[in-house]
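Swiss-Prot has this to say about the protein:
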- 95-110: compositional bias 'Polar residues' (COMPBIAS)
- N30: N-linked glycosylation site (CARBOHYD)
- N158: N-linked glycosylation site (CARBOHYD)
- 91-114: region 'Disordered' (REGION)
- 1-22: signal peptide (SIGNAL)
Amino acid sequence: MMMMALMKVILCLWLTVTGVSASYVPQEMNKTIQNLLQHYKIPLVERFNGNPVFPKDSMDGNVEMKMIFMHGVLETYEDLIGHMLKQLPTASPPLGSNQDKPASPGTSNDDAAPVKADVRSKLMYILEKIQFLKTHRYQEQEKLLHRLQNLKKIQMDNRTVQSKALWELPQLFEKASSLADNTMRRRRRRQARNRMRLKA
């Protein structure tokens, strides 16, 4: 009980320090995460070792870059939770077979099945929330990432592909240079406006 209270205090402190607004995180989702953390316990020293799974500085940049990165984060969470679900036992053992396996300390095999089912349902709930957010708020990023992944599928050994790619290069090189130049100009104008505001 004391450990649960301590975990809640630490989570609140972490949300405050990192500047995360919990207004988008439904209360039920927050509660579900807290319950899952009881199942996936690690020492506090490991949780706060200074090496987050998703480094904070990766979220720097303009809005478009942040959106693309956050799409990748949501996709990674989808994969991670899918992996966590696969690690859970799929079905309880047939009757009579629990005599063969020793119960874990403090629980019987009969007690473990509902706990695993509860963990599974909670993980499924979190997965659905992530998938909903990704599907409804990150569609453009999804399309862009699929287009980027398709670039990796280009047949490098194909002579036709090589020739066509060379033919298309001047036009694409022009677009890439112009895009980078326009972005740099916009950044300089923004910096100049900010300097003017500071002087005023």
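Keep in mind that glycine also has a Cβ here, set from the backbone N, Cα and C atoms.
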Could you work out which of the glycosylation sites (N30, N158) has its C-beta surrounded by the smallest number of other C-beta atoms within 10 A? N158
Write down the Cα-Cα distance for N158 (N-linked glycosylation site) and N30 (N-linked glycosylation site), rounded and given in Å. 51
Using DSSP reduced to three states, classify N30 (N-linked glycosylation site) as helix, strand or coil. helix
